[in-house]
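Read through the structure below, which is laid out as C-alpha coordinates, and then see the notes.
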Ligand SMILES: Nc1ncnc2c1ncn2[C@@H]1O[C@H](COP(=O)(O)OP(=O)(O)OP(=O)(O)O)[C@@H](O)[C@H]1O
(Lines of atoms letter the chains of each structure in order from A and count residues from 1; the text may use other names and numbers.)
(Lines give C-alpha, C1' and ligand atoms only; values in the text may rest on other atoms or scores of the structure.)
Protein backbone atom coordinates (compact mmCIF):
# COMPACT_ATOMS: atom_id res chain seq x y z
CA UNK A 1 0.00 0.00 0.00
CA UNK A 2 1.46 3.39 -0.87
CA UNK A 3 1.96 5.72 2.03
CA UNK A 4 -0.61 8.14 0.63
CA UNK A 5 -3.26 5.48 0.20
CA UNK A 6 -2.41 4.36 3.65
CA UNK A 7 -3.12 7.79 5.09
CA UNK A 8 -6.29 8.11 3.15
CA UNK A 9 -7.39 4.87 4.69
CA UNK A 10 -6.28 5.53 8.18
CA UNK A 11 -7.03 9.21 8.80
CA UNK A 12 -9.85 10.19 11.02
CA UNK A 13 -10.58 13.86 11.43
CA UNK A 14 -9.76 14.49 15.05
CA UNK A 15 -6.47 15.31 16.70
CA UNK A 16 -6.14 14.68 20.36
CA UNK A 17 -4.79 17.68 22.10
CA UNK A 18 -1.40 17.36 23.66
CA UNK A 19 -0.58 19.73 26.43
CA UNK A 20 2.59 21.69 26.11
CA UNK A 21 5.54 21.13 28.35
CA UNK A 22 4.35 23.70 30.86
CA UNK A 23 1.63 21.29 31.85
CA UNK A 24 4.03 18.49 32.52
CA UNK A 25 3.92 18.92 36.22
CA UNK A 26 0.19 19.06 36.52
CA UNK A 27 -1.76 16.04 37.73
CA UNK A 28 -2.84 13.91 34.81
CA UNK A 29 -6.25 12.49 34.08
CA UNK A 30 -6.77 9.33 32.15
CA UNK A 31 -9.60 8.43 29.81
CA UNK A 32 -9.65 4.94 31.18
CA UNK A 33 -12.93 3.10 31.03
CA UNK A 34 -13.85 3.59 34.66
CA UNK A 35 -13.10 7.25 34.41
CA UNK A 36 -10.86 6.95 37.42
CA UNK A 37 -8.31 9.66 37.74
CA UNK A 38 -4.64 8.94 38.03
CA UNK A 39 -3.58 10.16 41.39
CA UNK A 40 -1.45 13.24 41.58
CA UNK A 41 2.06 12.13 40.73
CA UNK A 42 3.37 14.15 43.62
CA UNK A 43 2.12 11.47 45.96
CA UNK A 44 3.37 8.54 43.98
CA UNK A 45 6.96 8.70 42.92
CA UNK A 46 9.71 7.57 45.24
CA UNK A 47 11.73 10.64 46.08
CA UNK A 48 14.97 9.03 44.97
CA UNK A 49 13.59 8.43 41.50
CA UNK A 50 11.74 11.70 41.25
CA UNK A 51 13.66 13.02 38.29
CA UNK A 52 11.17 15.77 37.71
CA UNK A 53 10.77 16.79 41.35
CA UNK A 54 7.16 15.74 41.74
CA UNK A 55 7.48 13.83 44.90
CA UNK A 56 9.63 15.95 47.13
CA UNK A 57 9.38 13.25 49.71
CA UNK A 58 6.05 11.76 48.62
CA UNK A 59 5.37 8.06 48.75
CA UNK A 60 5.06 5.77 45.79
CA UNK A 61 2.03 3.85 44.63
CA UNK A 62 4.42 1.31 43.22
CA UNK A 63 6.50 -0.88 45.43
CA UNK A 64 9.28 0.76 47.37
CA UNK A 65 12.70 -0.25 46.20
CA UNK A 66 13.52 -2.40 49.22
CA UNK A 67 10.39 -4.40 48.60
CA UNK A 68 11.35 -4.85 44.99
CA UNK A 69 14.75 -6.07 46.02
CA UNK A 70 13.20 -8.57 48.40
CA UNK A 71 11.14 -9.93 45.51
CA UNK A 72 14.04 -10.16 43.15
CA UNK A 73 15.96 -11.70 46.01
CA UNK A 74 19.00 -9.64 45.17
CA UNK A 75 19.85 -6.02 44.89
CA UNK A 76 21.24 -5.52 41.44
CA UNK A 77 24.96 -5.98 41.43
CA UNK A 78 25.64 -3.02 39.23
CA UNK A 79 23.86 -0.70 41.62
CA UNK A 80 25.85 -1.94 44.57
CA UNK A 81 29.00 -1.41 42.57
CA UNK A 82 28.05 2.15 41.84
CA UNK A 83 27.67 3.06 45.45
CA UNK A 84 30.75 1.21 46.65
CA UNK A 85 33.09 2.55 44.04
CA UNK A 86 32.01 6.14 44.01
CA UNK A 87 34.92 8.49 43.92
CA UNK A 88 34.24 12.03 44.99
CA UNK A 89 30.56 11.35 44.72
CA UNK A 90 28.64 14.55 45.26
CA UNK A 91 26.96 14.54 48.67
CA UNK A 92 23.25 13.91 49.00
CA UNK A 93 21.52 17.23 48.97
CA UNK A 94 18.82 18.53 51.27
CA UNK A 95 15.83 20.18 49.63
CA UNK A 96 13.64 19.50 46.69
CA UNK A 97 15.98 19.78 43.74
CA UNK A 98 18.24 16.78 44.24
CA UNK A 99 16.53 14.22 46.38
CA UNK A 100 17.32 11.05 44.48
CA UNK A 101 20.23 8.82 43.85
CA UNK A 102 23.01 9.96 41.57
CA UNK A 103 26.42 8.40 41.63
CA UNK A 104 29.44 10.19 40.23
CA UNK A 105 32.81 8.57 39.68
CA UNK A 106 35.98 10.32 38.68
CA UNK A 107 38.63 12.70 39.94
CA UNK A 108 37.60 16.06 41.37
CA UNK A 109 33.94 15.91 40.46
CA UNK A 110 32.60 19.50 40.36
CA UNK A 111 29.70 20.07 42.78
CA UNK A 112 26.26 19.74 41.27
CA UNK A 113 23.93 22.73 40.88
CA UNK A 114 20.43 22.58 42.31
CA UNK A 115 19.01 25.34 40.16
CA UNK A 116 19.58 26.84 36.74
CA UNK A 117 20.38 30.13 38.55
CA UNK A 118 23.17 28.37 40.47
CA UNK A 119 24.65 27.21 37.16
CA UNK A 120 25.48 30.84 36.44
CA UNK A 121 28.43 30.44 38.77
CA UNK A 122 29.62 27.60 36.51
CA UNK A 123 29.37 29.83 33.45
CA UNK A 124 25.79 29.31 32.22
CA UNK A 125 24.75 32.62 30.63
CA UNK A 126 21.56 34.41 31.75
CA UNK A 127 20.35 34.38 28.15
CA UNK A 128 20.06 30.57 28.22
CA UNK A 129 18.46 30.61 31.67
CA UNK A 130 15.83 33.04 30.37
CA UNK A 131 15.11 30.72 27.45
CA UNK A 132 14.61 27.87 29.91
CA UNK A 133 12.18 30.01 31.88
CA UNK A 134 10.30 30.62 28.65
CA UNK A 135 9.97 26.84 28.20
CA UNK A 136 8.54 26.67 31.72
CA UNK A 137 11.47 24.62 33.05
CA UNK A 138 11.79 25.48 36.72
CA UNK A 139 14.43 23.06 37.99
CA UNK A 140 17.20 21.11 36.36
CA UNK A 141 16.65 17.37 36.27
CA UNK A 142 19.26 15.23 38.00
CA UNK A 143 21.30 14.56 34.90
CA UNK A 144 21.28 18.30 34.23
CA UNK A 145 22.09 19.25 37.82
CA UNK A 146 25.15 16.98 37.79
CA UNK A 147 26.04 16.93 34.10
CA UNK A 148 25.97 20.64 33.28
CA UNK A 149 28.58 21.73 35.88
CA UNK A 150 30.86 18.86 34.82
CA UNK A 151 30.70 19.82 31.15
CA UNK A 152 30.99 23.53 31.94
CA UNK A 153 34.17 22.67 33.83
CA UNK A 154 35.51 21.29 30.56
CA UNK A 155 35.60 17.66 31.72
CA UNK A 156 34.83 14.61 29.61
CA UNK A 157 31.60 12.93 30.73
CA UNK A 158 29.88 9.57 30.44
CA UNK A 159 26.31 10.04 31.67
CA UNK A 160 23.70 7.32 32.14
CA UNK A 161 20.22 8.52 33.02
CA UNK A 162 16.80 6.95 32.39
CA UNK A 163 14.78 7.70 29.28
CA UNK A 164 12.91 10.98 29.26
CA UNK A 165 14.94 12.61 32.04
CA UNK A 166 16.31 15.53 30.03
CA UNK A 167 19.69 14.34 28.78
CA UNK A 168 19.45 16.49 25.64
CA UNK A 169 19.45 19.71 27.61
CA UNK A 170 22.19 18.33 29.87
CA UNK A 171 24.60 18.51 26.96
CA UNK A 172 23.07 21.37 24.93
CA UNK A 173 23.21 23.92 27.76
CA UNK A 174 26.96 23.60 28.34
CA UNK A 175 27.55 23.33 24.61
CA UNK A 176 25.99 26.70 23.90
CA UNK A 177 27.60 28.21 26.99
CA UNK A 178 31.08 26.99 26.03
CA UNK A 179 30.75 28.06 22.40
CA UNK A 180 30.00 31.56 23.70
CA UNK A 181 28.77 33.25 20.59
CA UNK A 182 28.21 32.28 16.97
CA UNK A 183 31.46 32.08 15.00
CA UNK A 184 30.14 34.69 12.56
CA UNK A 185 29.84 37.34 15.30
CA UNK A 186 32.54 36.22 17.73
CA UNK A 187 35.09 38.79 18.75
CA UNK A 188 37.48 36.14 20.05
CA UNK A 189 39.38 33.76 17.80
CA UNK A 190 37.23 30.65 17.40
CA UNK A 191 39.33 29.00 14.70
CA UNK A 192 38.05 27.98 11.32
CA UNK A 193 35.33 25.40 10.82
CA UNK A 194 32.66 23.63 12.81
CA UNK A 195 33.20 23.73 16.60
CA UNK A 196 30.69 21.22 17.90
CA UNK A 197 29.38 17.91 16.58
CA UNK A 198 26.46 15.91 17.96
CA UNK A 199 26.20 12.34 16.71
CA UNK A 200 23.01 10.30 17.04
CA UNK A 201 21.98 6.95 15.56
CA UNK A 202 18.90 7.99 13.57
CA UNK A 203 17.87 10.77 11.27
CA UNK A 204 14.68 11.38 13.24
CA UNK A 205 16.63 11.92 16.40
CA UNK A 206 19.05 14.27 14.62
CA UNK A 207 16.04 16.24 13.44
CA UNK A 208 14.58 16.41 16.94
CA UNK A 209 17.86 17.58 18.46
CA UNK A 210 18.27 20.18 15.75
CA UNK A 211 14.85 21.52 16.75
CA UNK A 212 15.91 21.60 20.41
CA UNK A 213 19.00 23.57 19.38
CA UNK A 214 16.87 26.06 17.47
CA UNK A 215 14.64 26.52 20.52
CA UNK A 216 17.53 27.01 22.88
CA UNK A 217 19.40 29.31 20.54
CA UNK A 218 16.56 31.83 20.38
CA UNK A 219 17.90 35.34 20.19
CA UNK A 220 21.28 34.45 18.67
CA UNK A 221 22.23 33.72 15.09
CA UNK A 222 23.87 30.36 15.52
CA UNK A 223 24.60 28.37 12.41
CA UNK A 224 23.40 24.88 13.23
CA UNK A 225 23.28 22.25 10.54
CA UNK A 226 21.19 19.12 10.44
CA UNK A 227 23.50 17.09 8.25
CA UNK A 228 21.92 15.56 5.17
CA UNK A 229 22.82 15.03 1.53
CA UNK A 230 21.54 18.51 0.70
CA UNK A 231 23.40 20.28 3.51
CA UNK A 232 26.51 18.26 2.73
CA UNK A 233 26.41 19.74 -0.77
CA UNK A 234 26.06 23.27 0.56
CA UNK A 235 28.90 22.66 2.97
CA UNK A 236 31.16 21.52 0.16
CA UNK A 237 31.82 25.25 -0.30
CA UNK A 238 34.49 26.18 2.17
CA UNK A 239 33.09 29.67 2.78
CA UNK A 240 29.78 28.16 3.91
CA UNK A 241 31.20 25.45 6.13
CA UNK A 242 33.66 27.75 7.89
CA UNK A 243 30.72 29.64 9.40
CA UNK A 244 29.04 26.56 10.88
CA UNK A 245 28.91 26.35 14.68
CA UNK A 246 27.20 23.01 15.32
CA UNK A 247 26.57 19.93 13.18
CA UNK A 248 24.01 17.32 14.17
CA UNK A 249 24.34 14.12 12.20
CA UNK A 250 24.13 10.37 12.00
CA UNK A 251 27.54 8.65 11.75
CA UNK A 252 27.06 7.45 8.18
CA UNK A 253 26.32 10.88 6.75
CA UNK A 254 29.24 12.52 8.50
CA UNK A 255 31.72 9.83 7.53
CA UNK A 256 30.60 10.08 3.90
CA UNK A 257 31.37 13.83 3.97
CA UNK A 258 34.75 13.20 5.62
CA UNK A 259 35.65 10.62 3.01
CA UNK A 260 34.60 12.89 0.16
CA UNK A 261 36.84 15.58 1.66
CA UNK A 262 34.04 18.12 1.95
CA UNK A 263 34.31 18.46 5.71
CA UNK A 264 37.11 18.77 8.26
CA UNK A 265 36.61 18.30 11.97
CA UNK A 266 39.94 19.69 13.15
CA UNK A 267 38.31 22.71 14.82
CA UNK A 268 35.76 20.62 16.77
CA UNK A 269 36.04 21.31 20.51
CA UNK A 270 32.88 19.53 21.64
CA UNK A 271 31.86 16.07 20.52
CA UNK A 272 28.62 14.64 21.90
CA UNK A 273 27.54 11.05 21.37
CA UNK A 274 23.85 10.71 22.20
CA UNK A 275 22.54 7.14 22.56
CA UNK A 276 26.20 6.27 23.04
CA UNK A 277 25.74 2.52 23.50
CA UNK A 278 23.94 2.26 20.17
CA UNK A 279 26.71 4.26 18.48
CA UNK A 280 29.28 1.93 20.01
CA UNK A 281 27.51 -1.09 18.50
CA UNK A 282 29.39 -2.97 15.80
CA UNK A 283 27.12 -1.41 13.15
CA UNK A 284 28.40 2.09 13.86
CA UNK A 285 31.68 1.56 15.67
CA UNK A 286 34.14 1.93 12.80
CA UNK A 287 32.34 5.06 11.54
CA UNK A 288 32.41 6.48 15.01
CA UNK A 289 36.10 5.77 15.38
CA UNK A 290 36.74 7.58 12.10
CA UNK A 291 34.81 10.62 13.33
CA UNK A 292 36.62 10.67 16.67
CA UNK A 293 39.98 10.34 14.92
CA UNK A 294 39.10 13.32 12.71
CA UNK A 295 38.43 15.56 15.72
CA UNK A 296 42.04 16.55 16.26
CA UNK A 297 41.68 19.82 18.20
CA UNK A 298 43.86 19.78 21.31
CA UNK A 299 41.05 20.85 23.63
CA UNK A 300 38.42 18.44 22.38
CA UNK A 301 35.80 17.66 25.04
CA UNK A 302 33.80 14.45 24.71
CA UNK A 303 30.43 13.70 26.24
CA UNK A 304 28.61 10.40 25.96
CA UNK A 305 24.98 10.06 27.00
CA UNK A 306 22.54 7.19 27.11
CA UNK A 307 19.81 5.61 29.19
CA UNK A 308 21.58 2.27 28.94
CA UNK A 309 25.23 1.34 28.80
CA UNK A 310 25.94 -2.38 28.93
CA UNK A 311 29.37 -3.38 30.21
CA UNK A 312 30.93 -3.91 26.75
CA UNK A 313 29.82 -0.51 25.50
CA UNK A 314 30.86 1.12 28.76
CA UNK A 315 34.39 -0.25 28.34
CA UNK A 316 34.60 1.23 24.84
CA UNK A 317 33.12 4.50 26.08
CA UNK A 318 35.62 4.82 28.89
CA UNK A 319 38.50 4.17 26.50
CA UNK A 320 37.27 7.00 24.30
CA UNK A 321 37.32 9.74 26.95
CA UNK A 322 40.09 11.50 28.88
CA UNK A 323 40.09 11.80 32.66
CA UNK A 324 36.34 11.29 32.56
CA UNK A 325 33.59 11.59 35.10
CA UNK A 326 30.88 8.96 34.94
CA UNK A 327 27.48 9.71 36.39
CA UNK A 328 24.61 7.28 36.82
CA UNK A 329 21.16 8.60 37.65
CA UNK A 330 18.80 6.12 39.28
CA UNK A 331 19.37 2.46 38.52
CA UNK A 332 21.49 1.67 35.50
CA UNK A 333 19.64 0.13 32.54
CA UNK A 334 16.31 0.34 34.35
CA UNK A 335 13.12 2.04 33.17
CA UNK A 336 11.39 4.67 35.24
CA UNK A 337 8.87 3.47 37.83
CA UNK A 338 6.47 5.91 36.14
CA UNK A 339 5.94 3.32 33.42
CA UNK A 340 3.50 0.57 34.41
CA UNK A 341 4.83 -2.49 32.61
CA UNK A 342 3.15 -5.77 31.88
CA UNK A 343 3.74 -8.95 29.92
CA UNK A 344 0.99 -10.54 27.83
CA UNK A 345 1.19 -14.17 26.77
CA UNK A 346 -0.02 -14.62 23.17
CA UNK A 347 1.03 -18.22 22.40
CA UNK A 348 2.20 -17.74 18.82
CA UNK A 349 2.66 -15.14 16.14
CA UNK A 350 -0.78 -15.46 14.46
CA UNK A 351 -2.44 -14.93 17.87
CA UNK A 352 -0.90 -11.50 18.28
CA UNK A 353 -3.14 -9.64 15.85
CA UNK A 354 -6.43 -10.72 17.47
CA UNK A 355 -4.90 -9.91 20.88
CA UNK A 356 -3.94 -6.44 19.69
CA UNK A 357 -7.31 -5.84 18.09
CA UNK A 358 -9.13 -6.76 21.26
CA UNK A 359 -6.76 -4.49 23.21
CA UNK A 360 -7.53 -1.60 20.87
CA UNK A 361 -11.24 -2.37 21.03
CA UNK A 362 -11.16 -1.23 24.67
CA UNK A 363 -10.76 2.45 25.45
CA UNK A 364 -7.07 3.25 25.25
CA UNK A 365 -5.00 6.36 25.64
CA UNK A 366 -3.80 7.69 22.28
CA UNK A 367 -1.23 7.99 20.97
CA UNK A 368 -0.04 4.41 21.22
CA UNK A 369 3.30 3.38 19.83
CA UNK A 370 3.52 -0.21 18.58
CA UNK A 371 6.90 -1.82 17.95
CA UNK A 372 7.45 -4.60 15.43
CA UNK A 373 10.70 -6.33 14.58
CA UNK A 374 10.91 -5.51 10.85
CA UNK A 375 9.80 -2.90 8.35
CA UNK A 376 7.64 -5.40 6.46
CA UNK A 377 5.89 -6.44 9.62
CA UNK A 378 5.33 -2.81 10.57
CA UNK A 379 3.71 -2.14 7.20
CA UNK A 380 1.72 -5.36 7.38
CA UNK A 381 0.47 -4.62 10.90
CA UNK A 382 -0.45 -1.03 10.08
CA UNK A 383 -2.45 -2.27 7.09
CA UNK A 384 -4.22 -4.87 9.20
CA UNK A 385 -5.18 -2.27 11.76
CA UNK A 386 -6.59 -0.01 9.06
CA UNK A 387 -8.49 -2.89 7.50
CA UNK A 388 -9.89 -3.67 10.92
CA UNK A 389 -11.23 -0.17 11.33
CA UNK A 390 -8.70 1.26 13.79
CA UNK A 391 -8.62 5.01 13.36
CA UNK A 392 -5.69 7.30 12.67
CA UNK A 393 -3.14 4.58 12.14
CA UNK A 394 0.30 5.60 10.99
CA UNK A 395 3.50 3.83 10.15
CA UNK A 396 7.12 4.92 10.40
CA UNK A 397 10.19 2.89 9.56
CA UNK A 398 13.52 3.29 7.84
CA UNK A 399 12.23 1.81 4.58
CA UNK A 400 10.15 4.92 3.91
CA UNK A 401 11.51 7.97 2.11
CA UNK A 402 12.93 10.80 4.23
CA UNK A 403 9.89 12.90 3.44
CA UNK A 404 7.51 10.12 4.48
CA UNK A 405 9.45 9.62 7.70
CA UNK A 406 9.45 13.31 8.49
CA UNK A 407 5.75 13.63 7.72
CA UNK A 408 4.90 10.66 9.92
CA UNK A 409 6.93 12.07 12.83
CA UNK A 410 5.29 15.44 12.35
CA UNK A 411 1.78 13.92 12.37
CA UNK A 412 2.71 12.20 15.59
CA UNK A 413 3.83 15.49 17.14
CA UNK A 414 0.64 17.23 16.05
CA UNK A 415 -1.48 14.53 17.64
CA UNK A 416 -2.92 13.35 14.35
CA UNK A 417 -1.69 9.78 14.79
CA UNK A 418 -3.47 7.71 17.36
CA UNK A 419 -1.70 4.46 16.66
CA UNK A 420 1.82 4.58 15.29
CA UNK A 421 3.30 1.28 14.13
CA UNK A 422 7.04 1.42 13.98
CA UNK A 423 10.34 -0.40 14.29
CA UNK A 424 13.52 0.12 16.29
CA UNK A 425 14.06 3.38 14.37
CA UNK A 426 11.71 5.11 16.84
CA UNK A 427 12.97 3.12 19.79
CA UNK A 428 15.60 5.57 20.90
CA UNK A 429 15.59 9.18 21.87
CA UNK A 430 12.36 10.23 20.19
CA UNK A 431 10.48 12.58 22.48
CA UNK A 432 6.78 12.51 21.83
CA UNK A 433 5.62 13.77 25.19
CA UNK A 434 2.05 12.65 24.72
CA UNK A 435 2.77 8.94 24.18
CA UNK A 436 0.66 7.17 26.81
CA UNK A 437 1.12 3.57 25.83
CA UNK A 438 3.79 1.46 24.18
CA UNK A 439 3.05 -2.02 22.90
CA UNK A 440 5.86 -4.38 22.06
CA UNK A 441 4.04 -6.40 19.43
CA UNK A 442 7.27 -8.22 18.67
CA UNK A 443 9.44 -9.05 21.64
CA UNK A 444 12.50 -6.79 21.87
CA UNK A 445 15.85 -8.35 21.06
CA UNK A 446 17.72 -7.03 24.09
CA UNK A 447 17.15 -5.46 27.45
CA UNK A 448 18.48 -2.18 26.05
CA UNK A 449 15.96 -2.27 23.24
CA UNK A 450 13.20 -2.95 25.78
CA UNK A 451 14.26 -0.07 28.04
CA UNK A 452 14.48 2.43 25.17
CA UNK A 453 11.28 1.32 23.44
CA UNK A 454 9.14 1.57 26.55
CA UNK A 455 10.94 4.81 27.42
CA UNK A 456 8.97 6.51 24.63
CA UNK A 457 6.26 6.81 27.27
CA UNK A 458 6.56 8.01 30.86
CA UNK A 459 8.61 11.02 29.76
CA UNK A 460 9.21 14.28 31.57
CA UNK A 461 7.45 13.09 34.68
CA UNK A 462 4.32 11.74 33.00
CA UNK A 463 2.94 8.32 33.67
CA UNK A 464 2.97 5.70 30.95
CA UNK A 465 2.01 2.13 30.23
CA UNK A 466 3.97 -0.55 28.40
CA UNK A 467 2.62 -3.91 27.28
CA UNK A 468 4.90 -6.60 25.88
CA UNK A 469 3.49 -9.53 23.93
CA UNK A 470 5.41 -12.76 24.17
CA UNK A 471 4.98 -16.08 22.43
CA UNK A 472 6.20 -19.55 23.33
CA UNK A 473 9.30 -18.82 21.28
CA UNK A 474 10.02 -15.62 23.20
CA UNK A 475 9.42 -17.12 26.63
CA UNK A 476 12.98 -18.37 27.25
CA UNK A 477 14.23 -14.81 27.03
CA UNK A 478 12.02 -13.55 29.83
CA UNK A 479 13.65 -15.58 32.52
CA UNK A 480 15.55 -13.86 35.28
CA UNK A 481 18.97 -14.96 36.23
CA UNK A 482 21.71 -13.11 37.91
CA UNK A 483 24.51 -12.86 35.38
CA UNK A 484 24.55 -9.10 34.97
CA UNK A 485 25.16 -9.23 31.23
CA UNK A 486 22.14 -11.36 30.65
CA UNK A 487 19.62 -9.68 32.90
CA UNK A 488 16.39 -10.23 31.16
CA UNK A 489 13.22 -8.33 30.68
CA UNK A 490 11.31 -9.90 33.58
CA UNK A 491 14.05 -8.67 35.92
CA UNK A 492 13.95 -5.22 34.46
CA UNK A 493 10.20 -5.06 34.98
CA UNK A 494 10.49 -6.19 38.59
CA UNK A 495 13.38 -3.89 39.25
CA UNK A 496 11.46 -0.84 38.16
CA UNK A 497 8.47 -1.64 40.35
CA UNK A 498 5.95 -3.39 38.10
CA UNK A 499 4.96 -6.97 38.81
CA UNK A 500 5.59 -10.17 36.88
CA UNK A 501 3.39 -13.27 37.26
CA UNK A 502 4.99 -16.02 39.32
CA UNK A 503 4.73 -18.57 36.53
CA UNK A 504 7.03 -16.43 34.41
CA UNK A 505 9.55 -16.24 37.21
CA UNK A 506 9.42 -20.03 37.42
CA UNK A 507 10.28 -20.55 33.76
CA UNK A 508 13.48 -22.54 33.31
CA UNK A 509 16.68 -20.72 32.51
CA UNK A 510 17.39 -20.56 28.79
CA UNK A 511 20.21 -22.76 27.56
CA UNK A 512 23.43 -21.21 26.29
CA UNK A 513 22.30 -21.87 22.76
CA UNK A 514 18.97 -20.13 23.35
CA UNK A 515 20.78 -17.16 24.87
CA UNK A 516 22.89 -16.88 21.75
CA UNK A 517 19.75 -17.01 19.66
CA UNK A 518 18.14 -14.16 21.60
CA UNK A 519 16.63 -11.77 19.10
CA UNK A 520 16.89 -14.21 16.23
CA UNK A 521 13.34 -15.51 16.41
CA UNK A 522 12.20 -15.78 12.78
CA UNK A 523 8.86 -14.09 12.21
CA UNK A 524 6.78 -14.07 9.02
CA UNK A 525 6.61 -10.86 6.97
CA UNK A 526 2.83 -10.70 7.18
CA UNK A 527 1.28 -10.45 10.63
CA UNK A 528 -1.92 -12.06 9.37
CA UNK A 529 -1.20 -15.34 7.58
CA UNK A 530 -4.80 -15.47 6.29
CA UNK A 531 -4.19 -12.26 4.39
CA UNK A 532 -1.20 -13.48 2.41
CA UNK A 533 -3.45 -14.79 -0.39
CA UNK A 534 -5.05 -11.99 -2.39
CA UNK A 535 -3.79 -9.34 0.03
CA UNK A 536 -3.68 -6.55 -2.54
CA UNK A 537 -7.21 -7.30 -3.68
CA UNK A 538 -8.41 -7.29 -0.12
CA UNK A 539 -6.88 -3.87 0.48
CA UNK A 540 -8.39 -2.52 -2.75
CA UNK A 541 -11.78 -3.93 -1.92
CA UNK A 542 -11.65 -2.45 1.53
CA UNK A 543 -10.84 1.06 0.28
CA UNK A 544 -14.41 2.30 0.07
CA UNK A 545 -15.72 0.68 3.27
CA UNK A 546 -12.65 1.92 5.12
CA UNK A 547 -13.21 5.48 3.88
CA UNK A 548 -16.79 5.23 5.06
CA UNK A 549 -15.53 3.91 8.32
CA UNK A 550 -13.17 6.86 8.65
CA UNK A 551 -16.00 9.30 7.92
CA UNK A 552 -18.11 7.53 10.50
CA UNK A 553 -15.22 7.64 12.90
CA UNK A 554 -14.94 11.41 12.45
CA UNK A 555 -18.45 11.74 13.81
CA UNK A 556 -17.85 9.24 16.57
CA UNK A 557 -14.41 10.56 17.50
CA UNK A 558 -15.94 13.93 18.23
CA UNK A 559 -16.59 12.32 21.59
CA UNK A 560 -13.15 10.77 21.88
CA UNK A 561 -11.58 14.09 20.95
CA UNK A 562 -13.45 15.82 23.72
CA UNK A 563 -12.38 13.14 26.15
CA UNK A 564 -8.75 13.58 25.14
CA UNK A 565 -8.96 17.34 25.39
CA UNK A 566 -10.25 17.06 28.93
CA UNK A 567 -7.38 14.93 30.07
CA UNK A 568 -4.53 16.88 28.46
N1 LIG B 1 14.45 20.70 33.47
C2 LIG B 1 13.38 20.27 32.81
N3 LIG B 1 12.15 20.51 33.29
C4 LIG B 1 11.04 20.06 32.63
N5 LIG B 1 11.06 19.35 31.49
C6 LIG B 1 12.26 19.08 30.97
C7 LIG B 1 13.48 19.52 31.59
N8 LIG B 1 14.51 19.10 30.84
C9 LIG B 1 13.98 18.44 29.80
N10 LIG B 1 12.64 18.42 29.87
C11 LIG B 1 11.71 17.77 28.93
O12 LIG B 1 11.78 16.37 29.19
C13 LIG B 1 11.55 15.63 27.99
C14 LIG B 1 12.59 14.53 27.84
O15 LIG B 1 13.84 15.11 27.58
P16 LIG B 1 14.91 14.39 26.65
O17 LIG B 1 14.33 14.04 25.34
O18 LIG B 1 16.14 15.21 26.68
O19 LIG B 1 15.11 13.04 27.48
P20 LIG B 1 16.26 11.96 27.38
O21 LIG B 1 16.74 11.73 28.76
O22 LIG B 1 17.27 12.38 26.36
O23 LIG B 1 15.45 10.69 26.88
P24 LIG B 1 15.94 9.45 25.95
O25 LIG B 1 16.85 8.61 26.78
O26 LIG B 1 14.68 8.76 25.60
O27 LIG B 1 16.64 10.05 24.78
C28 LIG B 1 11.59 16.63 26.85
O29 LIG B 1 10.28 16.86 26.42
C30 LIG B 1 12.16 17.88 27.48
O31 LIG B 1 11.66 19.03 26.87
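Here the Cβ of each residue, glycine as well, is placed from N, Cα and C on the backbone.
Caution: TrEMBL annotation is automatic and unverified by curators.
TrEMBL lists motif 'Q motif' at one of the ranges 117-145, 146-174, 175-203, namely 117-145.
TrEMBL assigns the feature region 'Disordered' to one of the listed ranges (509-538, 539-568), namely 539-568.
Residues of the motif 'Q motif' (117-145) grouped by DSSP class, helix first, strand second and coil last, total 20 helix, 0 strand, 9 coil.
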